[in-house]
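Annotated features, as they stand in TrEMBL:
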DOMAIN    4-352  domain 'Isopropylmalate dehydrogenase-like'
BINDING   76-89, 281-293  NAD(+) binding site
BINDING   R96, R106, R134, D223  substrate binding site
SITE      Y141  site 'Important for catalysis'
SITE      K191  site 'Important for catalysis'
BINDING   D223, D247, D251  Mg(2+) binding site
Amino acid sequence: MKKRIAILPGDGIGPEVCEAATTVLNEIGTMFQHQFEFVYGDLGGIAIDKTGNPLPKETLTICKNSDAVLLGAVGGPKWDTLPGEQRPEKGLLGLRKELGLFANLRPVTIYDALADSSPLKDEVIQGVDLVIVRELTGGLYFGEPRERRGEGKEELAVDTLVYSRKEIERIVRKGFEFAEIRGGTLTSVDKANVLESSRLWREVVDEVAKEYPNISYSHMLVDNAAMQLVRNPRQFDVIVTENMFGDILSDEASMITGSLGMLPSASLSEDGPGLFEPIHGSAPDIAGKGIANPLATLSSVAMMLTYAFSMTEEADVLSAAINDVLEAGHRTADLTSDERAVLSTTEMTNQVIQALTKKAVNS
Ligand SMILES: NC(=O)c1ccc[n+]([C@@H]2O[C@H](COP(=O)([O-])OP(=O)(O)OC[C@H]3O[C@@H](n4cnc5c(N)ncnc54)[C@H](O)[C@@H]3O)[C@@H](O)[C@H]2O)c1
Ligand SMILES: CC(C)[C@H](C(=O)O)[C@@H](O)C(=O)O
Ligand SMILES: [Mg+2]
């Protein structure tokens, strides 16, 4: 099967982890006789440097004309002093909005082999299997007005947290759908004791819940949820929450697995191409050193195979290869303090390729 994939490497470690992804996709293409065509586009800081715009029109066109989009990461100190509208992150937000990617899935999967990599105790993390369903095109990230007013001590900065009933309904429905598919439960996370938008959110969850009488659900305040994720993450199955809360909770949840370099994501729309990216950023502190963990990106490729192409067997083989590599003790620097055992990004990717090859031989 032929599939066209827009690759947006972006900034910092983005190009390094995207190279890992294309290498692995080529291997899977060979194994399963698929043709993956890569079309490259600029997003973020690199796009600003080349065109003055973090989301050039050409990039948007490439994405819209593809079957799926793979993103590395955007941003970095070089562009940190630019005005908000011209920052690399604005390019990513614009892309999410333009592609209508309202549903962001961030699964937190535990690998037994990584039990020692998590700062949390083994008995706390054993058996954790949860997914954060994050609203991605609304809330504080997009609300208007967003501005600076006044001067001196009177200067004000304004961000607006706004959600429509329609926006809440569609993401909450996704949350319930996932809980149904997983045969699990739903926790809706909000701040309804303070925020009006959260009170509407809670009302909508209670209404949508009536369509899913078999799904047990509950509400939790976000500050408590942040604590519960560390105290007892096993209590969660599907967490549905708004944009900003989902951003923060997913970075927190990544440490259950042992590293931010492990968590993948899929951003889905009603009908257009999905976008697949690790949840981490451009990691300026390690960019260019060739030591970034590629596994979050490779797991994002597995999510692409599943959600964009319905290639579930291919996705399962890739996920199993990642598990095999970790079981065999291979680690990038973020996963171990044992310097002798550290692999570079390329070495880790090659281990995944070898594990895939073994699976092809054995099947
Ligand atoms: N989706 C995205 O493109 C995205 C996501 C988050 C942050 N950012 C941007 O990235 C830049 C840096 O942000 P930050 O430093 O707060 O967050 P970050 O996620 O880039 O890095 C946080 C820490 O995690 C480490 N880390 C992240 N990914 C890793 C990997 N794959 N392997 C090993 N270690 C890894 C980094 O080295 C760093 O110490 C900012 O400009 C921010 O806006 C972009
Ligand atoms: C870079 C930034 C805009 C982005 C977000 O906040 O959504 C990132 O932190 C993420 O988690 O994808
Ligand atoms: Mg984030």
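Cβ atoms here come from the backbone N, Cα and C positions, even for glycine.
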Counting other C-beta atoms within 10 angstroms, the emptiest spot among the binding-site residues R96, R134 is R96
Distance [Cα-Cα, Å, rounded] between P88 (NAD(+) binding site) and R106 (substrate binding site):
22
How long is the line from the C-alpha of D80 (NAD(+) binding site) to the C-alpha of D223 (substrate binding site), rounded to the nearest angstrom?
29
Pop the Cα-Cα gap between D247 (Mg(2+) binding site) and G84 (NAD(+) binding site) into the table, whole Å please.
18
Per DSSP, to which secondary structure element type does R106 (substrate binding site) belong, with helix, strand and coil as the options?
strand
Excluding D223, D247, D251 themselves, the Mg(2+) site's Cβ centre has within 8 Å the residues V222, A226, M244, F245, G246, I248, L249, S250, E252
Less than 6 Å between Cβ and the nearest atom of ligand 1 is the rule; apply it to the recorded positions K191, D251, A283.
A283
Report the nearest neighbour of R134 (substrate binding site) in space among the binding-site residues G76, D251, A283, I291, comparing Cα positions.
D251
